[in-house]
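J.: Pasting in a structure now, in structure tokens, and then I'll have a few things to ask.
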Amino acid sequence: MRCFPTIGLHPKGASRYSDTDINQFAKLLGRPEVVGFGEVGLDHSVPYTEWLGQSILLRRVLGFLEERHVLILHCKGSKGDQDGREVNMRLLSILHGLISPNQRIHLHCFRGDLEMLRAFTDSFPNTYVGYTHKTSDLSPAALLALRTIPTERLLVETDAPYFVSPTIGPFSSPNVVGLAARNVGMIRGESTRDVLTATVSNFEDLYRLKL
């Protein structure tokens, strides 16, 4: 297995990051082996008093983004925003004007609906969309988005060690990617092999790497 580092500041920690942390983040991003910028973004599953700090942090760190990096976005809605409509719109409003329309983007663990998917791909055509094995947690609207995504923009991921289930055990790991491909394929009417073949190719295109 080959591993490629990405460097991020998770939005849930926005209130805890010091200037030293942010400066170290910027320094690490400058290392040539770092291929991804993230995950960064917004997470409204925390109390709303923390939301503004997340937006401020994101605006600040996007200034360190380089063309060679893939921007890996975390976007999670509040309890009453299952599909993340509000938080995705807020994220898009921050990105507009701060990053290039040609920016390569990895929407990490996407849970949005078709409207949100199209909002991202219309604004940033080089957007790829990642899903884990937890397809049973997606709303009907989010499942429609999953079925609609062009094959050449689809990714599968594990978010290891998170996103556990009774069939996996106490923690996740990279080898769960096969389960993610199977579950995604069942929703899309595609075989596990076809999903894996397509998403490996998509990963290589997005990250400009060869596995």
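Just so it is clear, glycine is given a Cβ too, placed from its N, Cα and C backbone atoms.
So TrEMBL lists these for the protein:
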BINDING   GLU39, ASP159  divalent metal cation 1 binding site
BINDING   HIS74, HIS108  divalent metal cation 2 binding site
J.: How big is the Cα-to-Cα gap, in Å, between GLU39 (divalent metal cation 1 binding site) and HIS74 (divalent metal cation 2 binding site)?
T.: 6
J.: According to DSSP, which of helix, strand or coil covers HIS74 (divalent metal cation 2 binding site)?
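T.: Where HIS74 (divalent metal cation 2 binding site) sits, the three-state DSSP reduction gives strand.
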J.: Name the secondary structure element type, per DSSP in three states, that contains HIS108 (divalent metal cation 2 binding site).
T.: coil
J.: May I ask you to report the DSSP-based helix, strand or coil state of ASP159 (divalent metal cation 1 binding site)?
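T.: The three-state answer is coil.
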J.: Roughly how many angstrom lie between the C-alpha atoms of HIS108 (divalent metal cation 2 binding site) and ASP159 (divalent metal cation 1 binding site)?
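T.: The separation of the Cα atoms works out to 9 Å.
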J.: Counting only other Cβ atoms and using a 10 Å cut-off, which of the binding-site residues GLU39, ASP159 scores lowest?
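T.: The binding-site residues GLU39, ASP159 were compared, and ASP159 has the fewest Cβ atoms within 10 Å.
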J.: Between ASP159 (divalent metal cation 1 binding site) and HIS74 (divalent metal cation 2 binding site), find the distance joining the two CA atoms and give it rounded to the nearest Å.
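T.: Answer for this pair: 11 Å between alpha carbons.
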